[in-house]
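Colleague: Taken from TrEMBL, the feature transmembrane segment covers 20-39, 77-97, 128-149, 185-210. The domain 'Connexin N-terminal' annotation in TrEMBL covers 42-75. What TrEMBL lists as domain 'Connexin cysteine-rich' is 141-208.
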Amino acid sequence: MNWSIFEGLLSGVNKYSTAFGRIWLSLVFIFRLLVYLVTAERVWSDDHKDFDCNTRQPGCSNVCFDEFFPVSHVRLWALQLILVTCPSLLVVMHVAYREAREKKHREAAGEDCGRLYPNAGKKRGGLWWTYVCSLVFKAGVDSIFLYVFHSLYPRYILPNVVKCHAAPCPNIVDCFISKPSEKNIFTLFMVITAAICILLNLVELAYLVSKRCRECLAARKASSYKQDDLFSGDLIFLGSDTPPPLLPDSPPDHMKKTFL
């Protein structure tokens, strides 16, 4: 794995995120990705080999293991982490698209031309919607995976003994899971961190939406104040004896140039 490329992507995501987004990124990278890479894969590496059933019937252990573990925890977590981190990379790609478009515009129109984006990384317009949709997608993915884990393993707990009666087992057999306590600890840790990430996404979403609403209200108030000032100026002229200044019938030359 090329850590320099990964570090560049993380720095780009961190640059264009809010304070809540930076906390979310640290939580995902330190408490989820590193724990998954360093410890989780080792804990679940021998789950099939050490899954033992009290029968010698050929194929019974494999069938019981597949019935209780239809999908491995490690593979589910890998898919979850990939889907959760992809939307943040889309935000970086959107900013890179803005910067490339701004560069082409300046090359075509010259350095003294007006800018398409005053700040390519500022969350305005389409970038704001991209960022908001990424938050909704990340919270939705984590919620779906928590539901899937709860459906496969009720209360996210692995029992010590599993009762299995699937064919070709001759009768109900007892199967034993390798290191269930250790696996339960890591499962609960990943579940809790995922729940915290969902909470951070929702808080950041509420922060962005409320900030945008406040900006819209402030802009409306400013426009209403300007209209009130214009109306009050007209009333002042109506209430005075001196008529308001009027434009001449033939404007001066410098005004003609301005109009053209």
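Glycine is treated like the rest: Cβ placed from N, Cα and C.
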Colleague: Give the residue counts of the domain 'Connexin N-terminal' (42-75) per reduced DSSP state, in the order helix, strand, coil.
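Modeller: Helix (H, G, I), strand (E, B), coil: 14 helix, 2 strand, 18 coil.
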Colleague: Restricting to the domain 'Connexin cysteine-rich' (141-208), report the mean pLDDT as a whole number.
Modeller: 91
